[in-house]
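Listed features, source TrEMBL:
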{"type": "BINDING", "residues": "GLY86, GLN87, THR88, GLY89, ALA90, GLY91, LYS92, THR93", "note": "ATP binding site"}
{"type": "COILED", "residues": "410-444", "note": "coiled coil"}
{"type": "DOMAIN", "residues": "3-332", "note": "domain 'Kinesin motor'"}
Amino acid sequence: MANITVFCRFRPLSSKEKRDNGDSVCIRSMDSETFVFKDEKEEEFAFSFDKVFYEESLQADVYEFLALPIVRGAVNAVNGTIITYGQTGAGKTYSMEGPSILELDDLKKGLLPRVVDGLFECIKSADKSDKYRIKLSMVEIYMEKVRDLLDLTKDNILIKESKVQGILLSGVTEICISDPADALQSLSSGIANRAVGETQMNMASSRSHCIYIFTVQSELSDKRVKTGKLILVDLAGSEKVEKTGAEGKVLEEAKTINKSLSVLGNVINALTCGPTTKASHIPYRDSKLTRILQDALGGNSRTALLCCCSPSPLNAAETLSTLRFGARAKHIKTSPFVNRAQDKLAKKHEDVAPTKDELCERILIRLRERLDVEDVELLEELFILEGILFDPSSFEDLESAYEDVTLRTISSLQQAVEELVFTIEELKSENRALKARMEAAERFNALHKEAGENASVMRKISNILSFFISWVRSFPLLSMLK
Ligand SMILES: Nc1ncnc2c1ncn2[C@@H]1O[C@H](COP(=O)(O)OP(=O)(O)OP(=O)(O)O)[C@@H](O)[C@H]1O
């Protein structure tokens, strides 16, 4: 098991932030991993991450610390995921792409072009007898629909789950990239198809979650094929609609973005709240984003999260929320492993005989390489019928969705019971306190009554005494003595 690595990056103050609030910032650096954050009420919180990138940090450093180990892993058939998260305008796209994907200035190039260079460099230095192939797919999740950015006619891609390969995007365009320049051209044309809009917080705000998928296949000298998948996710930014002044279409987009980010938060909470037993349901199916990120968040993937933040006190509330999200995500454990090499020809090299599902998937992988998309889709339908792939309309998926609902109901009932038990305990202790107060009051009353009785006896004695004194004084001899 490996923890998700979490990094935090503060961009420089924007000119608007400087105009509205001068040069003040809401963070104080302690070291390269820890800083103190001051909220709107001047309360201070210390945060620690795997590494903190302050305003002056270099794009190259972000790549080296966060992405390079994951890139090396993908070339060695270990799946990896890199996610940028944060408020709108906090620097997610800048970190992912740089000022532009075709940026030539080496200082400014973002993670994507560096990942492309890194993949090709790792391949160059790998075993010369292995043949490598890199494929690229690009999709965006816009208004809860998965759109193929390399073929806009595919505007509602279905998410399926394979027993062997995990989460799959059915029929998504995959193009082979032969060198970094070729990859950048394809990335650039895909990015041009992204939904971008202008908001008060950002002139070019991403209105969708963008997902870049690199599949690295290596054919070993013994003809077996190893595959590593590297996924980069540039999330759309969370935003307070009242602050960004969103209306109409932009408002609808913002609501959908905020909803899917809140499901992402729920998934992270579910993954980090106690042991993940079957009863503790993880709501991956509540949004397309979490369904696609299912492996990255709780399965076979080495995952890094970059929390992008504004250093301005004007955005302190949003920054605190991003930092808390990152702090929580640090506790997520994934289980990355080296994907087993698939035998391209026969079963004779296998120690263990492959299952029927594995054999069918191998056939599908090989056919994907040779056939048209339509033919592969037909085969996928056949495989769904055979129960090798899952589909939203398939019996297995319905069954598992039913199981999800049941587990969710059980877990909400368990929560309700826990809350009731807590309330009962509270009422019991309130009851005990009231009882104690009543007993004390009763004791006080009894004492008071006793004191009253004593006082009346004293009064009687004093009356008797005064009567006695006046009686004595009435004797003549005694009057003389006086
Ligand atoms: N580290 C940085 N150095 C210099 N400029 C930056 C940095 N990070 C962000 N910026 C600038 O800040 C602005 C907003 O950044 P960016 O578009 O990356 O935000 P975002 O988080 O992707 O926003 P959204 O969610 O709205 O798409 C851009 O003009 C970008 O150039």
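Including glycine, each Cβ sits where the backbone N, Cα and C put it.
All TrEMBL annotations are machine predictions without curation.
Everything TrEMBL records as a feature, shown here on the structure.
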{"residue": "GLY86", "record": "ATP binding site", "Cβ within 10 Å": "28"}
{"residue": "GLN87", "record": "ATP binding site", "Cβ within 10 Å": "25"}
{"residue": "THR88", "record": "ATP binding site", "Cβ within 10 Å": "25"}
{"residue": "GLY89", "record": "ATP binding site", "Cβ within 10 Å": "26"}
{"residue": "ALA90", "record": "ATP binding site", "Cβ within 10 Å": "27"}
{"residue": "GLY91", "record": "ATP binding site", "Cβ within 10 Å": "22"}
{"residue": "LYS92", "record": "ATP binding site", "Cβ within 10 Å": "26"}
{"residue": "THR93", "record": "ATP binding site", "Cβ within 10 Å": "28"}
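Checking the binding-site residues GLN87, THR88, LYS92, THR93 against ligand 1 with a 6 Å cutoff on the Cβ atom leaves THR88, LYS92, THR93, in sequence order.
Each of ARG11, THR84, ASN202, GLY237, CYS308, SER310 belongs to the same chain as GLY86, GLN87, THR88, GLY89, ALA90, GLY91, LYS92, THR93, is absent from that list, and has a C-beta within 8 angstroms of the C-beta centroid marking the ATP site. On the 0 to 100 pLDDT scale, the model's mean across the domain 'Kinesin motor' (3-332) is 90.
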